Amino acid sequence: MTACFFLSLLFTVVEIERIDLVCEVNNTDHHTLQNSADRLIVRRGLPFTITLHLRPGTHFQNGDNINFIAQTGPIPSVEAQTKAKFSLSRFISRSSWSATAEMSDSTVSLTVCSHPNAPIGVYKLILDQGEAIGLGEFVLLFNPWCKQDPVYLASEAEREEYVLSQDGLIYRGIPNRITVLPWTFGQFEPGILDICLQILDESPNYISDAALDCSERRNPVYVTRVLSAMINSLGDKGVLVGNWSDDYEDGVKPTVWKDSCSILRQWSNDGCRAVRYGQCWVFAAVACTVSRALGIPCRVVTNYGSARDSNGDLVMERFYNEFDENIADDSIWNFHVWVENWMTRPDLSLGYEGWQASDPTPQHRSEGVFCCGPVPVRAIKEGELTFKYDVPFVYAEVNADVVEYIKLRDGRVFKMGGSTTEVGKSISTKAVGRDEREDITHNYKYPEGSEEERRVYEKANHHNKLAQAGEEPGLHIKIKVTPDMQIGSDFDVYAELKNNTMVTKSCRVMFYAQAVSYNGKLGETCGLEHLKNLKNVLPLLRTFCGMERGRVTLRLEYAEYSKAITQDRMIKLLALLIDAETRDFYRAKKTIILDDPEIIILGVPKVGQNLVADLALQNPLPEPLENCVFTIHGANLTDGKPITHEVGTVGPKEFVTAKVQFTPKLPGQRKILIDFASDKLHNVETYENLVIYE
Ligand SMILES: [Ca+2]
Ligand SMILES: [Ca+2]
Ligand SMILES: [Ca+2]
């Protein structure tokens, strides 16, 4: 079947009689034929070809006047990448929007390729020759077959399983008795793709800023995070209501569902009213359907002995009374189900691409929203708790330690024991191409009982404590100054070092000061602490000794900096920290401006004819100031020109004073500007407001 658009055209260069989007061929190439044969559904960074049938006698002019526009969303814009303008080229580019044309008689084969990072969604394709002609509509999806797309997945067998497969197996039960729930994802069933796009359009992000949201849809990290919020109904118009109560009378019992499509259709048909009820595997299965529909490789993952750490300390606390009754519990679920999505993480350091866990079951707020992830599975394994998003929560689910306490009737609490191996077992997903369980526990953690597992737990704990204290891991250097830095005085500035690693560090610090002009031009060096060795800088948290820091003091002496400093009185401070062992460099910069001495206005009468400004200034320098001059200036106050008053030489720390007479010309509110200059101090300025009466 083919889709045809008939256009009535007026006076355009190219007169098109008919457009054939060649959906069946294109959708086959783009792995979307299962979805539909009569609607153009294409993937990013892969060309598709449509046929334009021209009016007899008209030609397709391969020249500058033919341009194309592809646009998506309600507010398309080139800057936001929701609108692309491109013209015909000789070859298709794989790194931008491009088009080529092949002509024969009265038909044109037009090949178009999208940018591999274009936002996904419904697009209009427009031929622009001064007048715009709509060529048709298409849906653009993520493309796991395209190397330039962040969701690229190299293995065809894995793409078959994680993108194209419409059914799967979900694991439940307990590790010794794992049960299998067959599930129909149905991502290519009629209407499902539109419902998936509708989910994006119902998200609070789209509702509050549609232009930004559509632009962000180029990023699978963003889309995955939106989905993890929108699959559950808390805080938005999301798809499913969670219910763990045993009372499901006004809805469907979570164990009854066997497919995602009936849930998604019910949500859409009910005007986006949340469907009752889901539990973790239902949330995950629906998330998997939507991810696969949009082209993000996805799999459902089950974790056994899944901890739910209510206070974020990576420890499951259990309390018993004297009769061995469990009286309070950080809950450990028999199993918990979430999804993993495959993508690169350009927002994180290299090595954290690949499977990203995200959890649509509403359990905790992340940045104020009930969502979780995407979090690189490797960040969980390596205990990188500061990575985005929500690593501590998922880390605790798979690898929290259990600590047991006994609480006596008199209130005393004793630690009894615990387990480092109870949480996070037999993490399971369906194998690629086979109806078998694949154990992926090793992706989430080093073997229980191994040294690495303990090392990572310690590191995770360390990162977690830093995060709770608002600190970043690693070595840090920062420049601190005191508020009192007047020109002429000697003063100290400090380079402060913080060791937020887990080990004691030896470091070298170089700290120097250099005069600088307001335009950034560097001048002479005016202070230097060269490569000072700091031995044994203790880690901040390991010892719980408060703020263990290294500190290097740099004394800026007037005798030194006076030779370098410019009229702008600015000094640039630079501190370098070198980890003596790893040779890693850290840098801190700060520019300071030295305070001027203050011009003291002893008195200016505000009313009258002949007025006198009574001025004083203390020489802040330890040496005399030569050629001291006060200048006053003001509109309608000083006859249109500055009045200068020369004072001569003033000794160190002495006051220089002057009485400057002036005659206002007009009544009204005026500003008098006062300036002081000398051989060593310039541009010292102040002003005073005056009211002049008639
Ligand atoms: Ca929600
Ligand atoms: Ca806890
Ligand atoms: Ca463990």
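Sequential numbering from 1, following the chain as shown.
Placed from the backbone N, Cα and C atoms, the Cβ positions cover glycine too.
Curation does not apply to TrEMBL; its annotations are automatic.
Listed in TrEMBL:
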type: ACT_SITE; residues: C280; note: active site
type: ACT_SITE; residues: H336; note: active site
type: ACT_SITE; residues: D359; note: active site
type: BINDING; residues: N399, D401, E448, E453; note: Ca(2+) binding site
type: DOMAIN; residues: 272-362; note: domain 'Transglutaminase-like'
type: SIGNAL; residues: 1-16; note: signal peptide
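Everything TrEMBL records as a feature, shown here on the structure.
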{"residue": "C280", "record": "active site", "Cβ contacts under 8 Å, 6 or more apart": "W333, F335, H336, V337, W338, T361"}
{"residue": "D359", "record": "active site", "Cβ contacts under 8 Å, 6 or more apart": "S228, F283, A284, W338, V339, C372, G373, D390, F393, V394"}
{"residue": "N399", "record": "Ca(2+) binding site", "Cβ contacts under 8 Å, 6 or more apart": "L314, I380, V423, G424, Y444, K445, E453, V456, Y457, A460"}
{"residue": "D401", "record": "Ca(2+) binding site", "Cβ contacts under 8 Å, 6 or more apart": "L314, V315, M316, G418, S419, T420, V423, Y457"}
{"residue": "E448", "record": "Ca(2+) binding site", "Cβ contacts under 8 Å, 6 or more apart": "T420, T421"}
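Every protein chain considered, the tally of other Cβ atoms within 10 Å of the Cβ of H336 (active site) stands at 25. Around the Cβ of E453 (Ca(2+) binding site), 18 further Cβ atoms fall within 10 Å across all displayed protein chains. Filtering C280, D359, N399, E448 by Cβ distance to ligand 3 (under 6 A) retains the following recorded positions: N399, E448.
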